[in-house]
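So that you can see what the record holds, here are the features copied from Swiss-Prot:
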- THR49, CYS50, ASN51, ARG52, SER109, GLU114, GLN115, GLN116, GLN120: substrate binding site (BINDING)
- CYS50: active site, nucleophile (ACT_SITE)
- HIS99: site 'Important for activity' (SITE)
- GLY189, ALA190, GLY191, ALA192, MET193, GLY194: NADP(+) binding site (BINDING)
- 443-468: region 'Disordered' (REGION)
- 458-468: compositional bias 'Polar residues' (COMPBIAS)
Amino acid sequence: MSVLLFGVSHRSAPVVVLEQLSIDESDQVKIIDRVLASPLVTEAMVLSTCNRVEVYAVVDAFHGGLSVIGQVLAEHSGMSMGELTKYAYVRYSEAAVEHLFAVASGLDSAVIGEQQVLGQVRRAYAVAESNRTVGRVLHELAQRALSVGKRVHSETAIDAAGASVVSVALGMAERKLGSLAGTTAVVIGAGAMGALSAVHLTRAGVGHIQVLNRSLSRAQRLARRIRESGVPAEALALDRLANVLADADVVVSCTGAVRPVVSLADVHHALAAARRDEATRPLVICDLGMPRDVDPAVARLPCVWVVDVDSVQHEPSAHAAAADVEAARHIVAAEVASYLVGQRMAEVTPTVTALRQRAAEVVEAELLRLDNRLPGLQSVQREEVARTVRRVVDKLLHAPTVRIKQLASAPGGDSYAEALRELFELDQTAVDAVATAGELPVVPSGFDAESRRGGGDMQSSPKRSPSN
């Protein structure tokens, strides 16, 4: 079984396609369930951000697994399979490992080196793990990807500028307006992205921030934090948006809503009320939602300048220094090689364990025959014979089992495990039973502070029945 990746990202598709594919957390669970309904798929995890939708799965067959995942995503998006595949990319086995390591390191982000994606990978794993849809393979892959991402950020300067989608978008806004100092800003959405936007706006010296959110209490919490940093701020319900826009200079919208929250009518109303002049006071709107928060028609209005995810990735400040990128890629390559060696050795371990179990069974059978032939044998003598026989077997098996693990670490090493099974007539069922017995280690079930406090163990059986 190998890891298969089916994905669509900002590098392969325009924003309008990513909008159709956008997946919230409840959708993740449904998609995983549908993928796992196929007997060809044994583990699955969905990574969904504003820039990508990727399904990682452990499959028994490449083409069959690809068809299953592609069909599920096509039905979710409303696109035909043929239309979806025009924008999709596929990675298999080693290439899938390399891709996830690069993603976790920020090398495949719209803003190269940004750290937010590391948390998004962590969250994707946590969702899959809490729903028991990851087994040994994806557990080890996700954990290693998180480790690689942390190593890249600690050993290189790829994130030295502290760039993120938010910081780059606001940098573009600042360039358009000349300065953000003293301006009036509106933040739509009080989640993690909204909070990050508030931090950057505060540092830029804006004069006033208005926070709008469907949940007024969340908007009030964020507004309170902004005021504590020394910037006047107030929280408003989302239905006040049209009036708020009239006084705004810069707007950051990042709600995760399924349809636009900033309508053409809202912006028309704001422009009419403010009597703006495009040259002296444009309205800059940073649309960082996926699907888009801003009606696409808004970008065609005079006096309005819209920054979206597409424009962010083409901004020069979104790209880290070439030397840092190269250093990060070297780390990823080394980590991929190390990971694959470990996986190959892990794959041969059940065969070696099954061989040792077979040898132990033979020893016990022969000792039983000895008891039947020499019933008068004293217990001290029998124990000495048993120790001697076991030592002989251990010595005979030691060198070949150590050597086969070494050989198995090289590409194509799985053939040695197969040869061992053939030579000693090891039943594949017995080998699989050994592998399944140690499917997953017991680890905390979450990554954030709440899940650590709550505790919980990994489940030994990765695949659960799909929900109805």
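Counting starts with 1 at the first residue shown.
Including glycine, each Cβ sits where the backbone N, Cα and C put it.
Excluding the listed site residues GLY189, ALA190, GLY191, ALA192, MET193, GLY194, the same chain places VAL187, ALA195, LEU196, SER197, ASN213, LEU222, CYS254, THR255 with Cβ atoms within 8 Å of the centre of the NADP(+) site Cβ atoms.
Look at THR49 (substrate binding site): DSSP puts it in coil. Listed in sequence order, the residues GLY106, ALA110, VAL111, VAL117, VAL165 complete the 8 Å Cβ shell around the substrate site centroid, once THR49, CYS50, ASN51, ARG52, SER109, GLU114, GLN115, GLN116, GLN120 themselves are left out. Nearest by CA distance to HIS99 (site 'Important for activity'), out of the binding-site residues SER109, GLN120, ALA190, MET193, GLY194, is SER109. Around the residue listed as 'active site, nucleophile', the same-chain residues at least 6 positions away in sequence with a Cβ under 8 Å from its Cβ are LEU18, VAL165, LEU288, GLY289, MET290, VAL309. Here substrate is bound by THR49, CYS50, ASN51, ARG52, SER109, GLU114, GLN115, GLN116, GLN120 per the record. The longest Cα to Cα distance in that group is 15 Å. Set side by side, the binding-site residues SER109, GLN120 differ in how many other CB atoms lie within 10 angstroms of their CB, and the most is found at SER109. For ASN51 (substrate binding site), the nearest of the binding-site residues ALA190, GLY191, ALA192, MET193, GLY194 in terms of C-alpha separation is MET193. For HIS99 (site 'Important for activity'), other Cβ atoms within 10 Å of its Cβ number 23. The binding-site residues listed here are ALA190, MET193; among them, ALA190 has the most other Cβ atoms within 10 Å of its own Cβ. In the shown protein chains, 19 other C-beta atoms lie within 10 A of the C-beta of GLN115 (substrate binding site). ALA192 (NADP(+) binding site) carries a helical DSSP state (H, G or I). By neighbour count, meaning other C-beta atoms within 10 Å, the densest spot among the binding-site residues GLY189, GLY191, GLY194 is GLY189.
GLY189 (NADP(+) binding site) sits 22 Å from SER109 (substrate binding site), counting Cα to Cα. A Cα-Cα distance of 17 Å separates GLN120 (substrate binding site) from ALA190 (NADP(+) binding site). You'll find the Cα of GLY191 (NADP(+) binding site) roughly 14 Å from the Cα of THR49 (substrate binding site).
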